[in-house]
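A.B. asks: There's a structure below that I have some questions on.
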Amino acid sequence: MISLKNDTFLRALLKQPVEYTPIWMMRQAGRYLPEYKATRAKAGSFLDLCKNTELATEVTIQPLERFDLDAAILFSDILTVPDAMGLGLYFAEGEGPKFKRALQHEADIAKLHVPDMEKLQYVFDAVTSIRKALDGRVPLIGFSGSPFTLACYMVEGGGSKEFRTIKTMMYSRPDLLHKILDTNAQAVTAYLNAQIDAGAQAVQIFDTWGGVLSDAAFKEFSLKYIRQIVAGLKRESEGRRVPVIVFAKGGGLWLESMAQIGADALGLDWTCNIGEARRRVGKQVALQGNFDPFALFGTPESIRTEVARILADYGHGSGHVFNLGHGINQHADPEHAKILVDTVHELSRQYHGG
């Protein structure tokens with residue numbers, strides 16, 4: 001195996017000493033980059049891009065050519081798993097993802113099962129291909145959606161503003177939702193382990209919609225199943241630990257509970273104060289975040305000020321991976337993203353060493 005030239009990201013996740021705070025950006029391979037748009041046009045559709053090993057590799061590497069990032073993240077989509085379960089994923093123009101066969105009837109839910117991972121071979125092929133293309137530059141992150149977040153799309157049949165269908169099921173037929181969530185948890189565990197086998201050096205679980213739940217519901221219908229996944233993941237590969245990051249958008253209320261599920265790091269959205277979060281979780285986990293994606297729409301000076309504030313809030317020592325508090329917006333200026341990355345590297349050195 002090719003040795004890593006830059007393992008700062010992996011060391012920070014394990015709270016080991018680093019020279020500076022590493023940074024990557026959620027959705028760093030995406031529509032804000034003109035080169036991404038060109039490759040996407042070549043692919044035909046978003047799903048074709050995900051399923052084309054060569055092009056998925058190309059778009060994963062693109063942001064690394066432009067910015068001095070400390071990690072690459074697999075280019076894929078969280079909905080590959082329910083698609084492999086036979087729900088018929090498609091993307092309606094201007095409407096986002098939809099499923100032809102939403103899970104709204106007991107008979108359909110009874111038939112739901114963990115998909116054969118061979119149906120997701122295109123994802124694992126992409127992981128292997130990206131690792132080869134990276135040639136040890138930086139680590140590669142694999143990822144999946146959380147069981148609850150996947151269930152939101154599977155039950156609603158697409159995105160939703162109020163999640164009425166899944167919440168109705170949760171309160172009126174919790175047994176049905178638990179069946180979906182348990183199947184999802186088993187599928188995600190197998191999926192992430194296969195990504196690790198293919199070469200992913202860290203993995204992130206995205207719980208995009210857990211934050212819409214009440215306190216009790218989050219613990220019962222989201223966190224419980226994320227814990228189940230974390231317990232089933234391979235944590236060693238190629239002779240080193242494979243760190244696990246859990247990111248729950250709107251999850252600031254539950255940091256203490258999330259810190260106890262066995263993950264190595266928690267991702268924070270932009271609404272949390274990272275210094276306060278560090279005090280709340282203590283030494284249990286590293287923290288990732290949490291620059292407001294829309295702060296990239298400010299001036300170069302305001303971007304630098306915001307970076308300085310987040311670094312100062314976190315304070316001295318390792319255990320911080322700088323990131324956005326959510327995915328980068330498609331209208332963000334790539335030049336501003338470069339200012340962000342370079343400023344993090346420049347200003348963070350004072351908080352490390354010595």
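Cβ from N, Cα, C; glycine included.
Sequence annotations record features per position, and here Swiss-Prot assigns substrate binding site to ARG27, GLN28, ALA29, GLY30, ARG31, PHE46, ASP77, TYR153, THR208, HIS326. According to Swiss-Prot, the feature site 'Transition state stabilizer' maps to ASP77, an assignment based on sequence analysis.
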A.B. asks: Which one of these binding-site residues has the most other Cβ atoms within 10 Å of its own Cβ: ARG27, ALA29, ASP77?
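C.D. replies: Neighbour-count leader: ALA29.
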A.B. asks: Please give the maximum pairwise Cα distance, in Å and rounded to a whole number, for the substrate-binding set ARG27, GLN28, ALA29, GLY30, ARG31, PHE46, ASP77, TYR153, THR208, HIS326.
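C.D. replies: 23 Å is the greatest Cα spacing among the residues binding substrate.
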A.B. asks: Count the Cβ atoms, other than its own, that fall within 10 Å of the Cβ of THR208 (substrate binding site), considering every protein chain shown.
C.D. replies: 22
A.B. asks: Secondary structure at ASP77 (substrate binding site) (DSSP, helix/strand/coil)?
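C.D. replies: Once the DSSP labels are grouped into three classes, ASP77 (substrate binding site) ends up as coil.
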A.B. asks: Going along the chain, which residues six or more apart from ARG31 (substrate binding site) have their CB under 8 A from its CB?
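C.D. replies: Residues satisfying the criterion: LYS37, ARG40, GLN330.
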